[in-house]
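Here's the structure, in structure tokens; my notes come after.
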Amino acid sequence: ELGVERRFVPESCPRAVRPGDFVRYHYLGAFPDGTRFDSSYDRGSTFNVFVGKGQLIAGMDQALVGMCVNERRFVKIPPKLAYGSEGVPGVIPPNAVLHFDVLLIDLWNLEDEVQVQTYFKPEKCPRTVQVSDFVRYHYNGTFLDGTLFDSSHNRMRTYDTYVGIGWLIPGMDQGLLGMCVGEKRIITIPPFLAYGEDGDGKEIPGQASLVFDVVLLDLHNPKDGIAIENQLVPESCERRSQTGDFLRYHYNGTLLDGTLFDSSYSRNRTYDTYVGKGYVIAGMDEGLLGVCTGEKRRIIIPPHLGYGEEGRGKIPGSAVLVFDIHVVDFHNPSDSVSITVHYKPSNCTVLSKKGDYLKYHYNASLLDGTLLDSTHSLGKTYNIVLGSGQVVLGMDMGLQDMCVGERRTVVIPPHLGYGEDGVEGEVPGSAVLVFDIELLELVSGLPEGYMFVWNGEVSPNLFEEIDQNHDGEVLLEEFSEYIQTQVDTGKGKLAPGFDFEKIVKNMFTNQDRDGNGKVTAEEFKLKDQEAKEEHDEL
């Protein structure tokens, strides 16, 4: 009788051999005394055959039925179910009992199809793989018995390919359809949908079933454009970015599977660039158009609008990029100062002008509301001479034509503020500045070009009055004392907001034309007595 001893049965046996199945197995063939007459191991290849179709001796045809992959059986076959009274000349004697130690490696049927078992699927699956899509995935490739023949993980590089256009074996083309990014599935492929009778000539033998454990990392189609998901749009959006604008924004850059490859937050500095000018990848150039200050949006960029097939740095080739951006501010190089008046007193006759001495309070912030500075917190006003370069040009412009008690907001683009460099530790480079201002005091300045004016008639003997010791020469001390007296008695007025000693020294230097530290009567001239010069005279 046929004897079958099941020496090892795997815990999992999803499928057992039936007549008509094709099997691949290893075996050792021996006589009852232990003499070996054949071995597939010695040949280095499995024995491949259909079961129940007369391609095997009858005893083996029967003994293989019901076996699982990785099961091991010890089979005793009597002569009548083996080679009978004739035997095989030179190999198997007549009426020989045969012993076979069999290990089943593979099992499939001509009616089989690709089998797909999904063991993880993300909650969100906005898109699945379709024919002509390009995918990036990792895989472990094994035979049905679990033997690993290939792994993209070992190469530390994804497998990148189009789906459904013949770049893959037919079974993988089918098995990848319908997958989501992040999904994990096991794809089992019969050999006639894989590498067939010949195998691949390297690792995969002929007639081998293949099992791929796949995780999909990326998915796009060459026809894709960028995708925008608005996450936060401010209620007030007076202006949207256009081609030629300069933007400052923060971002997190990830791959489609969530892998972070870059972040401006980690550098604690915004990314600053022109939009629509080719300074950034094409997809970002497009995705940054139409944004508001303070807006948060997600921009999904296919590789042909990103870094293409080659990738860059931590970004692999053919990768879809996901940028979560937060727009901090933007401006255009053609922008000027923007002024919004919130309050103006009814009695507003005296307006600020160049040369006036102003005292004002302000709150300074970035366009996104980040507070930079405030005179209120210091408990004192900020004091300047308007138009003298004591503040940035945009503030000089924003304080013009203002009356005491007026409140206004002045928005200053960076080219009229602190420029590309900003102020280290205080104002970021290329930042738009917002000043909320209240003018508290205004002291009218002098006419342009004058540092001192008389309030009445000028003495005809002015030089003699200044030359107190009547030696025909005026020293700085005499000059300074005389000017101080005129100011104290109300006869003259100095330009407000400047240091007295510096003004007087400047005036004296302009009169001391030969630079010897003394002013003579010949050198001494009033402003209207000489031709126009680039000096501030009396």
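Using N, Cα and C of the backbone, Cβ positions are placed for all residues, glycine too.
Heads up, TrEMBL stuff is auto-annotated, nobody curated it.
The domain 'PPIase FKBP-type' feature in TrEMBL is assigned to 20-108 (among others).
Per DSSP, the secondary structure of the domain 'PPIase FKBP-type' (132-220) breaks down as 13 helix, 36 strand, 40 coil. The domain 'PPIase FKBP-type' annotation in TrEMBL covers 132-220 (among others).
According to TrEMBL, the feature domain 'PPIase FKBP-type' maps to 244-331 (among others).
Look at TrEMBL and you will find 355-443 (among others) tagged as domain 'PPIase FKBP-type'. Confidence across the domain 'PPIase FKBP-type' (355-443), taken as the mean pLDDT and rounded to a whole number, stands at 95.
Outside the domain 'EF-hand' (454-489) by six or more residues, the chain places 500-501, 504-505, 507-508, 511, 517-521, 524, 526 with a CB less than 8 A from a CB of the stretch. Feature annotation from TrEMBL assigns domain 'EF-hand' to 454-489 (among others).
Per TrEMBL, the feature domain 'EF-hand' maps to 499-534 (among others).
As annotated by TrEMBL, region 'Disordered' applies to 511-538.
As a summary of secondary structure, the domain 'PPIase FKBP-type' (20-108) carries 14 helix, 37 strand, 38 coil according to DSSP.
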